[in-house]
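Enquirer: Feature annotation from TrEMBL assigns ATP binding site to 26, 27, 28, 29, 30, 31. Residues or ranges marked as domain 'Lysidine-tRNA(Ile) synthetase C-terminal' by TrEMBL: 367-441.
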């Protein structure tokens, strides 16, 4: 098995002979074999162990066992303890999920602090097969069908070449001792149910199940890579970035084969599920104005486009009070810079949309930056003092719903709206021949 291990390392181009690795060792059979193979191969390694405190004395016994193993192999040893149930309650997740998150968070902390290259887990061929079956019960795409990856950034799984049977045989051949986790025999966990009840039935149908799945898994992975590359190239032709928003051509989606999947491919990175993608697609030929939400983004169904943008609460919806004529101010994702200077004969107005010039002597501090609300009105530049509702201005400018939601204003201390930011300044506060001092306001979005 050592030869197979080294062959697999070379095939995957992991270069472990020149790298340092943090081995995640629970004390169970799989991780004990992982540690033994690293020891025999002479690879540079450290051992990390998490005590989740879920099995009382049994957990403490695991910790002591792994510590003694690290000392035997001469590997540096790192250990931590968690109040797993308490943390799970605080995070509002299951104990099993909390334990998973906690260990990977801590492993990465140790890796970085010790300047190590990789974190290695003891996942094997049976694990990846069980993962696929588990994914099928939950619903999955191609990525969920080709199982666990050998390498994912700093995380590696060097035992994916081996079946559980091979691992157990290696333990017998090398007279290794390991700890048995009593929870592994319980069918209360879905993975254990699949392992104990489903896999044995499938292996009766195909005794070489792991090997067969390994070949199928590689084919599915290759298909997934090819499909993703094709769709990424296609996505460029049907989308456009407009002022930080992604515009997706509805016509291009509707005229493409498998349009729902294509649309979801674009939307997935913004946190939308496949079922949401189906719902959004059904809105393609409906009326404009419908909005869909993920955690951080929203999609507006406009006339000819689906428009993806950050949700308003992540763009910056806070009211900002400015009590001085110069400085840099931030609200949400927007940064405002204000400066005051004397007007000279050489002064010329820069007509960029993200700049406004106001007559400083007419300003009353504090100023307020906020989102516009229904009923807001002002005197747009060029209308000679005539008042106009901001809602009417936005209609005249043909802004879609998403763009309207992002509009902010700057109001004077007396309540006048001086600038509908990025769109129009107020006639009353324009710079004239009589102006002596100027306030310049610029705005940009933080990236």
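Any Cβ shown, glycine's included, is placed from N, Cα and C.
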Enquirer: Looking only at 27, 28, which of these binding-site residues has the biggest number of Cβ atoms within 10 Å around its Cβ?
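Expert: Neighbour-count leader: 27.
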Enquirer: Determine which residues of this chain, when 26, 27, 28, 29, 30, 31 are set aside, have a Cβ within 8 Å of the centroid of the ATP site's Cβ atoms, and list them as they appear in the sequence.
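Expert: Other same-chain residues with Cβ inside the cutoff are 25, 32, 34, 122, 178, 179, 181.
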Enquirer: Could you say whether, by DSSP, residue 28 (ATP binding site) belongs to a helix, a strand or a coil region?
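Expert: DSSP call for residue 28 (ATP binding site): coil, neither helix nor strand.
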Enquirer: Same-chain residues six or more away whose CB lies under 8 A from the CB of residue 30 (ATP binding site)?
Expert: 122, 123, 124, 159, 164, 167
Enquirer: Tally the residues of the domain 'Lysidine-tRNA(Ile) synthetase C-terminal' (367-441) by DSSP class, grouping H, G and I as helix, E and B as strand, and everything else as coil.
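Expert: Taking the domain 'Lysidine-tRNA(Ile) synthetase C-terminal' (367-441) as a whole: 16 helix, 26 strand, 33 coil.
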Enquirer: Relative to the Cβ of residue 29 (ATP binding site), which residues of the same chain, six or more apart in sequence, are found under 8 Å away?
Expert: 167, 168, 171, 178
Enquirer: Under a criterion of Cβ-Cβ distance under 8 Å and sequence separation of at least 6, what residues of the same chain contact residue 31 (ATP binding site)?
Expert: 23, 24, 25, 122
Enquirer: With an 8 Å cut-off on Cβ-Cβ distance and a minimum sequence separation of at least 6, pull the same-chain contacts of residue 26 (ATP binding site), or say none.
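Expert: Correct list: 49, 50, 62, 66, 122, 179, 181.
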Enquirer: Any idea what the model's mean pLDDT is for the domain 'Lysidine-tRNA(Ile) synthetase C-terminal' (367-441)?
Expert: 90
